[in-house]
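The next block holds one structure in the form of structure tokens; read it before the comments.
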């Protein structure tokens, strides 16, 4: 498995690093005076709805004579990027003052289109020599209290301020002239001349540091203070929890071991109580073992995927405004790690004396991909109906299907065959009796759902502060770059999940309830349900998102993400509980 992981990582670096940047026609980013520098218009959309983006020329801007579409990497397409040549000519070191792009007579329909866009706070995004630039297309003048009194204006003059160092572009800023406006308030034809101005300024900032300004916002002192407060809060939670549980469990277990050892010496026929009483049932295989093994395999794969993503983030592959690299990495790593899911699921299924390993393998392959595929089909249909850039082109869908067919599925099958032939045994330290004992009636708070609520709350409380920043980055316009802090929080999440699952498993066994397999998985994964509940809070209380498309995208894809967390943390919780249960039953003598 170590060699397999190394191969995955090398293949991943080659594939991801090849698609990290928004390329500028193979340029080395060095230009001579007057040389053309690539400027691409990307997309427009409501500022508060990050998923609802449209092609730049869906709005009636000036269209150049020859619109050239840029070829994009898989991750850029998944990110909704659709780059086309922009109507502005920003040649290297050439200053321009109020140059006309075009003169247009906007029809009533075009005026209405622009007005609707201004009303929804539309912004535009472009790329100039790989540097992202953005600005608003207009403004609303709310003079009166009633919406009928509002005035709608379109910016018609854009100022480009470009900074250079020798023969390289270092920085670009865009300003819209607040005095150069077109009134769109009334439904009537309007004559408009779109203008632009270009100013060049020299800077000493080296080319290697030109992307730093995009990552500084998340590294500002007051933001860092909040992040460190989050980590301290999480660490305190972990220390208190682990210290409390370790003390209690060690003391209780020590007393149990002394008691059971004394019982064995004093009275062989004395009736057993507590977790030793159910030693003949504790390793009885769970119901629906094929589904259980599939959940374990998928959760292990998603854990591996997360670890690889963190490795790439920590070595600096993902930098601001290149989220296409993250999508490419997710697709590629998921495809390459499917063998891990097949191996773990089939190996564990065979350990549980399962016979139909082929069905188990199919279930493993569909367990996460199935719901994700159905969600994608629905959301892609919504995006097509809205003509949004989030709708994937047919070619991209074919590429993803080919990756799934030619990489994911064969690796899953190979992993499954390797798991079936591994001949691993379950290694239960005590023998299982022929007939299961009856579980005593327990109070309501010992039920599965109350235990899941208890198990999910503590890990969630350790990560919820950091969740806000992640949500604001993925579903907003903040930039998240402090991956080292995020990795620490992730480690804390794993530790808390493992400890709380072990504690609840012990209390369940002490109450003579031997059906701990599914309970430990559900308790471990229950943090995913809390994260989805946080999604509801974030959408309605912390964001300004609105509209059917944005709502469906947010809740649809977050459901898939939280489902992935459920499987991953469930697998972590079960593995921790299994180690604990094996340890305590190996430490006592059972007849």
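Keep in mind that glycine also has a Cβ here, set from the backbone N, Cα and C atoms.
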Among 202-225, 226-249, 250-273, find the range that TrEMBL records as transmembrane segment. 226-249
Same chain only, please: residues at least 6 beyond the ends of the transmembrane segment (291-319) with a C-beta under 8 Å from a C-beta of the stretch. Say none if there are none. 5, 8-9, 12-13, 16-17, 20, 211, 214-215, 325-326, 329-330, 333-334, 337-338, 340-346, 348-349, 352, 354, 360, 363-364, 367-368, 481, 483-484, 486-487, 490, 517-518, 521, 525, 564, 567-572, 574
Within the same chain, the residues 6 or more beyond the ends of the transmembrane segment (392-414) and with Cβ under 8 Å of it are 74, 77-78, 331-332, 334-336, 338-339, 341-342, 361, 364-365, 369, 380, 383
The transmembrane segment (452-471) and the transmembrane segment (361-386) contact flag, 3+ Cβ pairs under 8 angstroms: no
Contact ranking winner - 226-249, 483-509, 521-541, 553-581 against the transmembrane segment (361-386), Cβ under 8 Å: 553-581
